[in-house]
Amino acid sequence: MVSIRPDEISSIIRQQIEQYDQQVKVENVGTVLQVGDGIARVYGLEKVMASELLEFEDGTVGIALNLEEDNVGVVLMGEGRDLEEGSTVRSTGRVAQVPVGEGAIGRVVDALVRPIDGKGEIHSTETRLLESPAPGIVQRKSVYEPMQTGITAIDAMIPIGRGQRELIIGDRQTGKTAVAIDTILNQKGSGVICVYVAIGQKASTVAQVVNVLRERGALEYTIVVAANASDPAALQYLAPYTGATLAEYFMYKGKATLVVYDDLSKQAQAYRQMSLLLRRPPGREAYPGDVFYLHSRLLERAAKLSPELGEGSMTALPVVETQAGDVSAYIPTNVISITDGQIFLSSDLFNAGLRPAINAGISVSRVGSAAQIKAMKQVAGKLKLELAQFDELQAFAQFASDLDKATQNQLARGQRLRELLKQPQYSPIPVEEQVALIYAGTNGYLDEIPTDKVTSFTAGFREYLHNSQPKYGELVRSEKKLGDEAEGLLKSALNDYKKTFLAMA
């Protein structure tokens, strides 16, 4: 029989007591009551913050959007296929935030800045909250620097400044994305960091945009944030805030940034879907009551910062899609009232072959004229006036049979100016060349050129000016105005090229 040795037992117990390390871990845990359609109702979570990140037992992350008396309404940011009634949920104590920094430039990421381009992890040491307060009045400076789009019609008549919010609005298939992409391409070499946010678009469309940016060397200063049509509504709702947060990091470092939200109609639809599933009361067009705040708190983050904060800027180009040209619908009117102007793209003009299809009549820039360079101001005023008169005369000329010579001349010039503003996709024009083309159009240099030859004349003249009078470009770029010397060089180049062109035609 084995004898029991008390001293051995007591030494084992003593050893166990010495090694015992008590760790008390308090977690805020809840239980899933119901789950479906990307929404979970959770019971038992106390002290949860609004917009706090919650973690489900299968690893899915959600955001607490509805804090009710007896349960929490959570929007899932993943599939959540393995979730079921009774699953446990724990609060993380963190509000939605994303990693930011230089490492994101040139990458394609999702709404939580997870890479989706297969180029490995993004190394970042800093995070920023998705919902940051917009700069206050004292922290801002009025817009005064130009944000050149490279599109003649916009830079001349609807100029955009750094720190401005300019809405691009129009029906589907009118070239809204093309205007935004051209603007990004035109920032090459200017030191502007661009963020392109694709919301609820087909993955193939986003891939096409990324290819265009890569082929033209624009991806090296651009971040693409993609929340595709197949992604959960929560990610489509968050993507614009992610884009703003990524740009904000650079803005507060004193850099100029440009953010394109393509498009906010889809974000509003994703938010409507989430709100209705969370049983929030619907308002006009079934959107929730706070859909205005959804967009205003996003677009107010665009700013030109004061010298004390480093004079960085965030320029926002939100895109909104209209149905059959109806700009008086709920989301379009909301965003028009928030932004500092809008570029209206018309399907009628697009189908008539005028591309970019900008309707100059109802497009406006509320602060951009202060940001125009003097050279452009010198020539743009006359262009606006002549085009406005042409539109009036054209409507009148449809009914009149015989027109006097002056009216015929004005109509002919208007048609040539219209041709002058046509521009192929993905080919932005430098501002000094835009000034030269508008000068040629408004000062009668195109009057003898047949209307159907204007496009080839302008393309050839740009090349001729660049090669024969390189000093003209240097003068306009350095002085920012069309001085006597620059104007003299431009006139001689126009006269010489016009003679050659007419001789060849």
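Cβ atoms here come from the backbone N, Cα and C positions, even for glycine.
As given in Swiss-Prot:
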| type | residues | note |
| --- | --- | --- |
| BINDING | Gly170, Asp171, Arg172, Gln173, Thr174, Gly175, Lys176, Thr177 | ATP binding site |
| SITE | Ser363 | site 'Required for activity' |
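Sequence features annotated in Swiss-Prot and their locations in the structure.
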{"residue": "Gly170", "record": "ATP binding site", "DSSP (3 states)": "strand"}
{"residue": "Gly175", "record": "ATP binding site", "DSSP (3 states)": "coil"}
{"residue": "Ser363", "record": "site 'Required for activity'", "DSSP (3 states)": "coil"}
Rank the recorded positions Gln173, Thr174, Thr177, Ser363 by how many other Cβ atoms lie within 10 Å of each Cβ and give me the one with the fewest. Gln173
Using a 10 Å radius around its CB, how many other CB atoms surround Arg172 (ATP binding site)? 11
Of the binding-site residues listed (Gly170, Gly175), the greatest number of other CB atoms within 10 A surrounds the CB of Gly170
Setting Gly170, Asp171, Arg172, Gln173, Thr174, Gly175, Lys176, Thr177 aside, what same-chain residues sit with their Cβ within 8 Å of the center of the Cβ atoms that define the ATP site, listed in sequence order? Glu321, Leu345, Ser347, Phe350
Take the C-alpha atoms of Asp171 (ATP binding site) and Ser363 (site 'Required for activity') and report the distance between them in angstrom, rounded. 14
What does the structure give for the C-alpha distance between Gly170 (ATP binding site) and Ser363 (site 'Required for activity')? Integer Å is fine. 11
With an 8 Å cut-off on Cβ-Cβ distance and a minimum sequence separation of at least 6, pull the same-chain contacts of Lys176 (ATP binding site), or say none. Ile168, Ile169, Gly170, Asp262, Asp263, Val319, Glu321, Leu345
Asp171 (ATP binding site): tally of other CB atoms within 10 A of its CB: 18
Rounded to a whole angstrom, what is the C-alpha distance between Arg172 (ATP binding site) and Ser363 (site 'Required for activity')? 17
Whole-number Å distance separating the Cα atoms of Gly175 (ATP binding site) and Ser363 (site 'Required for activity') is 15
